[in-house]
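Enquirer: My structure is below; once you've seen it, I'll send some questions.
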Protein chains: 2
Amino acid sequence: MTELKLIESIRSQVKPHPNVMLGIGDDCAVLQSHPQAQLVTTDTLMDGRHFICGDTPPALIGRKSLAVSISDIAAMGGVPEAAFVSLVIPQRKESQPLVEGLMSGIVTLADKFHIAIAGGDSNSWSGPLVVSITLTGRPHHRGPVRRSGAKPGDSIFVTGPLGGSIDDHHLNFEPRTFLAKELLDLTPITSMIDLSDGLATDLRHICSESAVSAQLNPEAIPFRSNITHLDTRLEKALTDGEDFELCFSLNPKGVETLKRAKLSQPIYHVGTIVKQGPNALQWNDGTAIISTGFEHGF
Amino acid sequence: MTELKLIESIRSQVKPHPNVMLGIGDDCAVLQSHPQAQLVTTDTLMDGRHFICGDTPPALIGRKSLAVSISDIAAMGGVPEAAFVSLVIPQRKESQPLVEGLMSGIVTLADKFHIAIAGGDSNSWSGPLVVSITLTGRPHHRGPVRRSGAKPGDSIFVTGPLGGSIDDHHLNFEPRTFLAKELLDLTPITSMIDLSDGLATDLRHICSESAVSAQLNPEAIPFRSNITHLDTRLEKALTDGEDFELCFSLNPKGVETLKRAKLSQPIYHVGTIVKQGPNALQWNDGTAIISTGFEHGF
């Protein structure tokens, strides 16, 4: 298949979008400007690292490649708008169904979240599949929720059970943009991050950007039902990664507001922000949490 | 090196930018909105295809990876603003100097074009180096220049000599944003594209999007000085690709305006837009041009 045919096929699947003035087919896409700021995030997923070609159905590879970026927009409290899809495709006989499946997974999830596929790039080589997606979005009218606004006394929440995402959750998780909007419609959120590298690593980012520490209640941390072993499940919930739930902090007034509200799904109060101490993370009995989630390196 | 250290090192090299409200270090970047539209382009470059790790100095790999996207912004007549850099890094001993050189090449060119490095992603694996850059920009006040506005009677120009870019031009070319602005300050441009796949292929894109044909004057096509063989240089100028000059069309009034203007660099009048015929491209004696430039496929 030539790149031109691939682009034509993608162009034919893509619906018009009110904020995309010019989509696929020119040197650049042209997006409508917002009165508010624009969010931009980018994620690159590779065969053997984030998915296994041959094992993972192509549509789920495509779905995950877009879902991780939607999750980043959710973590700023935003609404996704336009995606730019770069494919590096293995030169193999089976690549045509691979690309078709990949794109169908991307387009299906994009439609569900009202995201336009506004551009991209495609190349082929003798190496493994790489999918890189850049996603734009608009913030909630309260403004983008950063990692840096947590204050001592705030409560820490997560939006779903953690750990064991390797089974299939990392491929079919639901990015939390709708819930983030629901929360922000009710109350300001002082800080937020999405859990991609594990609560232990990602909550440390909030602590370091906000210059605070965090106390977690081991009894309150929700586990995914596939991690049942008592000795290891706390460790797995903290470090497995790819949960793609949100972790956020609320001030006491926000907690009161949410107590009175009916949310569309449960959230879990897992701890408290405290003054910055020698350990970014500790249990609520004061002992340090030394676990770390996934650390990228080369 | 861990990803966190890499991000810290990049963060320390990046200067603040008036249009980047929040750069590296959160889930998304936050860009200031323009009253005008936003341009977005994305390009992915791979070892063995667009550069050769080991042969190509890392700083030139970085330079090229950003320059090709600046060239896309130039092709819309825009000014680049914020870059998002995704790296897929080989897990090798030599990767630290590779990444440092790569980033220095990116940062140096970004500074020259007043581009902020506003975000990105980094991953490592056992495969070859992949660099994917998404670049945003703002259009000229006349609006984005599309491929689709060429009209019969327009003149076709290119902004520099073509062919033979494989020597080193493809690594150190100058993206034409300044020239594009200079031209647009003087006159509207009816269509424009940057020459990445060769004049024969890229001018066909203008013809197809504008529903016109193009006549080229073989005597007027400028050659790079390293292609000297009389029999093949026309073919090479049309098909080698990676010239990264601009090809654009002007109506007769625009041509008159430019004749009276002093431009900072020469431009070359290579042909004329004509009514759509059976061949998108022909020589000015009416014979069809069958050459095609680079076609991506998998």
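Positions of Cβ are set from backbone N, Cα and C atoms, glycine also.
Copied straight from TrEMBL:
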type	residues	note
BINDING	A:D27, A:D72, A:D194	Mg(2+) 3 binding site
BINDING	A:D27, A:T41, A:D72	Mg(2+) 4 binding site
BINDING	A:T42, A:D43, A:D121	Mg(2+) 1 binding site
BINDING	A:D43, A:D72	Mg(2+) 2 binding site
BINDING	A:H50, A:E242, A:F294	substrate binding site
BINDING	A:G120, A:D121, A:R147, A:S196	ATP binding site
BINDING	A:D197	Mg(2+) 5 binding site
DOMAIN	A:25-138	domain 'PurM-like N-terminal'
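Have a look at these and tell me how they're positioned relative to everything else.
Expert: DSSP gives A:D27 (Mg(2+) 3 binding site) a coil state; it is part of no helix or strand. Close to A:D27 (Mg(2+) 3 binding site) in the fold, though at least 6 residues off in sequence, lies no residue with a CB less than 8 Å from its CB.
Its Cβ placed at the centre, A:T42 (Mg(2+) 1 binding site) has 25 other Cβ atoms within 10 Å.
The Cβ neighbour count for A:D43 (Mg(2+) 1 binding site), using a 10 Å radius over every protein chain in view, is 24.
DSSP classifies A:H50 (substrate binding site) as coil under the three-state reduction.
Taking Cβ-Cβ distances under 8 Å and a sequence gap of 6 or more within the same chain, the neighbours of A:G120 (ATP binding site) are A:I10, A:I24, A:F84, A:V85, A:S86, A:L87. DSSP assigns A:G120 (ATP binding site) to a strand.
A:D197 (Mg(2+) 5 binding site) carries neither a helix nor a strand DSSP state and counts as coil.
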Enquirer: Taking only the binding-site residues A:H50, A:D72, A:D121, A:S196, A:D197, which one has a CA atom nearest to the CA atom of A:T41 (Mg(2+) 4 binding site)?
Expert: A:D72
Enquirer: Using Cβ atoms only, which of the binding-site residues A:T41, A:S196, A:D197, A:E242 are under 8 Å from chain B?
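Expert: Near chain B - Cβ to Cβ under 8 Å - we find A:T41.
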